[in-house]
Amino acid sequence: FSTVKDTMALVTAESLKSELEMFDVPCTDDSVLDTMVELCICSRIQADEMLLEWVAYSTTKNGLKLSADTLEQFKHEVLNKKSKSKQSFRKDESHNRTRDIHSLQDLIKAEEEEDNLLDSYSTPAKGPQKRALTTPEHPHSKRSTALLASPGLLLSPASFSPSATPSQKYSQRGGKGEVVVTFGAVQGTRWVGRRSAGAGVQLELLEGCEDSLRSSYKFMFQRLRDVRNVLTEKIEELGESLKSHFSIEEFSPVSLPAQDSIKVLGQVCCDSNGKLNAHSVLLEAGPEQGGHQVPVDLSELKEYSLFPGQVVVMEGMNTTGRKLMASKLRLSFHAVAEPMNVLVACGPYTTSDTLTFDPLLDLISIIVRDRPDVCLLTPCAARCQQFLIEIHQSVRDIHHHYIFPQPPFTLPNLSKDQRVTLVPDPCTLLIDGVTFGLTSTDILFHMGAEEISCGTGSDRFSRILKHILTQRSYYPLYPPVEEVNMDYEKFQSFGQMPLTPDVLIIPSELRYFVKDVVGCICVNPGRLTKGQVGGTYGRLLVQRSASSQDVKRVSPCLAAQVVKV
């Protein structure tokens, strides 16, 4: 996806056609134009540069005519060699580059920030903890070590929960039923379902622009231009909302020199394949604003919080057309939509050293005892009118295609039970008038590793959650981390938030929490198991509030807890 990131929306068939006419190169075949667009994206060059290369090549070949065959020949003889020479130059440049004391200090500071980030997410451990020393010669950051490890180690809870010692068995765990997080007025709350046996719960899957994702689909066939189109539409859609919300008449092109302050719309990206920092921020505009990238100077901003893929409006000066001096940052805003007891749990539902599913059986015992009105198990949802009959594993288990967005499980026998609803990941549900957003992808951890901020406070969880809600996407990070197999065509239809949910269920390897963010109750219930030991689950008491004319959102969540299984 990095090639798309550098040239997204810069080249279109129309721009190539106009360039061809300017150079008096005849071409009437649309498929040739489409091929040239893809070559521009893959080779990371713009339309005018492509045409200059072609004219030079054609001249050496005695006026070679433009066609699909000659374009393929041009690709192998010119573009491929050009790409290899660029890569070789970059490699030599990186090896020969010397670092001064300031750049070394920046590297050390960046590593310390990553270590502090992961330390702040960890569950406090009992007893003293020794911390490995790092030096500029051996900067072993926690994030780089985790990313180099296998996917299983990356998602291992032991990396973030020092108290979960591998030697402790699930059957020997302590603190069963201990409440570790509380939210709202929990005193005197009875955590049992309040509906009579057989009383129905209305559950509806909110559909997007097309029919809901209900069946499997072919993936790994997406073209680069399709990814570009999805990202372009995201910029344009949020841009229209921002323009209306902040009463902006028109956005200026990002690369147009201007002596006055301008307002520009674009997507945040990094100037390399490394981690985003305050000196590597680029703003990439959509095609309506020229489709160019411009470096951004953030030194005049007192506070900011940015991540790759974020759509923002920046106000500032760009006197040369080569760098934007940002003076104001405008982010997206959220779109506004008898008590019910909801139980929330996230897999895996068995420990790593056995397949007896004891944790699952214990969870079923809790469900039978408390009889919640609704039981949400990522990624499937079940309405507990009497009690839950069957439950199936987490999306992280191996019996389903690992693709995002992910269609619901195909389980014909279970689907016949009207109390059980199998839903895709991600999805937005309407349950008795209360909207729930659900995803089992650990976007919280992914964004935590990529976000940069200044002067925005220490509550990083709330800041990242606000980004997710205001970007109106279940996965706003671009490019995604390598472990996320993203299908952008389906993501455009099924990975967006149609509205800001009342409750967002966002399981993560990071520490469990319940937070109120812009009127949405965000819950990380933790994992039901952590390696060989027991984990946690969540429970909420929600009640649909009467419609109000007040502008401020009022959460329907009366109380919530995270409890040890």
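Using N, Cα and C of the backbone, Cβ positions are placed for all residues, glycine too.
Taken verbatim from TrEMBL:
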COMPBIAS  89-102  compositional bias 'Basic and acidic residues'
DOMAIN    14-81  domain 'DNA polymerase alpha subunit B N-terminal'
DOMAIN    228-329  domain 'DNA polymerase alpha subunit B OB'
DOMAIN    394-515  domain 'DNA polymerase alpha/delta/epsilon subunit B'
REGION    82-102  region 'Disordered'
REGION    115-144  region 'Disordered'
> For the domain 'DNA polymerase alpha subunit B OB' (228-329), what does DSSP give as the number of helix, strand and coil residues?
Replying inline: 21 helix, 39 strand, 42 coil
> When DSSP states are grouped into helix, strand and coil, how many residues of the domain 'DNA polymerase alpha/delta/epsilon subunit B' (394-515) land in each?
Replying inline: 30 helix, 28 strand, 64 coil
>> Just to be sure I understand, if DSSP states are collapsed into helix, strand and coil, how many residues of the domain 'DNA polymerase alpha subunit B N-terminal' (14-81) fall in each?
In response: 51 helix, 0 strand, 17 coil
